Amino acid sequence: MSGITTTGSTILTGLDTASPGLLIWRSMLHWLGGIGFIGMAVAILPLLRVGGMRLFQTESSDWSEKVTPRSHVAAKYILVLYLGLTGVSALALWVAGMTPFEAINHAMSFISTGGFSTSDASLAHWPQPAIHWVSVVVMILGSLPFTLYVATLRGNRRALLKDHQVRGFIGFLVITWLIFGTWLCFNSDYSWWEAFRIVAVNVTSVVTTTGLALGDYTLWGSFSVLLFFYLTFVGGCSGSTAGGLKIFRFQVASSLLLGSLKQLIHPRAVIRKKYNGHPIDEDIARSLLTFSFFFTITIGGIALGLALIGLDWTTALSGAATAVCNVGPGLGTIIGPAGNFSTLPDAAKWLLTVGMLLGRLEILTVLVLLTPVFWRY
């Protein structure tokens, strides 16, 4: 489940000496899970009879342009893009210093924002800065809307650049790199550039829900631990392989909040709440509120269940968050970036497995499919 949902949490150790067949199987699970989820979002979710495109819009861009006339045509475009990006990423990682086998495995892991590695030390196994920066780029590519890649190939050259969530996502990453990198430089022995690189890799990995780690960032202090916990929830762009809440939900919520504040200040004014140049109607606001409610309840319920099983609060809360957000590593000495999920009780593993599935399917999809009324019409 961790592989197919592109979560990346693992119970295996000794990866450096594991058989190539096992390693490539793990990477293939990620890769197939990533493309399968995009295909489902484009071709299957719109067919669910819950307000037409409403459920699809909960995962995909709420107002994304129709990049192809039919969903199955879009799926074909996306499959070719997915294959192409994987091949280019593998080549870049090989040139940067990985072996061909390592490059192929990590290319599949990065583009699907999965997180499985061929080493127990994750990205820290490769000290070459070139590998780290290539990893950052590929993780970002996997977290951008694939439908906009298709739009770009079909002639809309500014499709990615003019998209509000893409600009917000890249801007959020860069600002976080700069602030956190500067903080790490002043609170460690790293030079500014080295601190910036290490922060860029780890922040990008968590925000994109990839989950690979360059060292144990929980050793940097309580500020780092709390920041990475918050970053767990962010996620990539809608219409990508990334998990989490997704950037567009934060942007829509911000627009609604600012609009409400303006309405309080100017009660007689007509305040139009917009996102990406389009008005935010009541259905979108209701969808955002509903998803946020169930998202919070799900994480809280799983965390309580893990605590009931006997896990400490750090492991329970971060484990629930990382499972539902499909990130991979949690926090603490047990399931942190230097830890492993193998020592958890079987009951905890099953509970986290349920969380991974719910998070990958956006929770509401599962609830709708389990509703008897849905199957009557």
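Glycine too: its Cβ is placed from the backbone N, Cα and C atoms.
Quick look at what TrEMBL annotates:
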type	residues	note
TRANSMEM	28-48	transmembrane segment
TRANSMEM	77-96	transmembrane segment
TRANSMEM	130-153	transmembrane segment
TRANSMEM	165-183	transmembrane segment
TRANSMEM	195-214	transmembrane segment
TRANSMEM	221-241	transmembrane segment
TRANSMEM	286-309	transmembrane segment
TRANSMEM	350-375	transmembrane segment
Sequence-remote partners of the transmembrane segment (286-309) [C-beta within less than 8 Å, at least six residues beyond its ends]: 54, 57-58, 245, 249, 252-253, 256, 315-317, 319-321, 323-324, 345, 347-348, 351-352, 354-355, 358-359, 362-364, 367
Folded-back contacts onto the transmembrane segment (165-183), same chain, C-beta under 8 angstroms, at least six residues removed: 61, 140, 143-145, 148, 192, 195-196, 198-200, 203-204, 207, 223, 227, 231, 234, 236-238, 246-248, 250-251, 276
